[in-house]
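**Student:** Please see the structure below; I have some questions.
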Amino acid sequence: MGTARFLSAVLLLSVLLMVTFPALLSAEYHDGRVDICSLPSDSGDCLRFFEMWYFDGTTCTKFVYGGCGGNDNRFPTEKACMKRCAKA
């Protein structure tokens with residue numbers, strides 16, 4: 001039973017890394033922290049329907065957020081997105 005539990009843990013860790021690592025590679029870092037404005041849009045894991053805004057590298061764009069999961073490049077309004085991510 002110990003081997004099966006170990007293999008399950010390894011499989012879970014592998015899946016988490018495959019999901020998380022590409023997003024981290026695409027992000028920009030400032031002072032060792034992820035710049036949330038450089039993250040891709042991410043609708044999350046749930047199936048609800050919330051109109052939100054994300055920064056696409058140039059401007060703020062509307063997208064549908066499912067209500068859970070996702071990343072921090074998600075804002076309730078275009079104004080909030082621009083305030084946080086647009087460079088003067």
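Sequential numbering from 1, following the chain as shown.
Yeah, the Cβs are placed from backbone N, Cα and C, and that goes for glycine too.
Marked as signal peptide by Swiss-Prot on the basis of sequence analysis: 1-27. Positions annotated as disulfide bond by Swiss-Prot: CYS37-CYS85, CYS46-CYS68, CYS60-CYS81. Taken from Swiss-Prot, the feature domain 'BPTI/Kunitz inhibitor' covers 37-85.
Can you tell me where each of these features sits in the structure?
**Tutor:** In three-state terms derived from DSSP, CYS85 (disulfide bond) belongs to a helical segment. Long-range neighbours of CYS85 (disulfide bond) (same chain, six or more residues apart, CB within less than 8 Å of its CB): ILE36, CYS37, PHE55, CYS60, ASN73.
In sequence order, GLY66, GLY67, CYS68, GLY69 constitute the residues six or more apart from CYS46 (disulfide bond) in its chain with CB-CB distances below 8 Å. In the three-state DSSP classification, CYS46 (disulfide bond) falls within coil.
There are 23 other Cβ atoms within 10 Å of the Cβ belonging to CYS60 (disulfide bond). Mapped onto three states, the DSSP output places CYS60 (disulfide bond) in strand.
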**Student:** If you count Cβ atoms within 10 Å of the Cβ of CYS37 (disulfide bond), leaving out that atom itself, what do you get?
**Tutor:** 21
**Student:** Measure the Cβ-based neighbour count of CYS81 (disulfide bond), defined as the other Cβ atoms within 10 Å of its Cβ.
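**Tutor:** CYS81 (disulfide bond): 23 neighbouring Cβ atoms within 10 Å.
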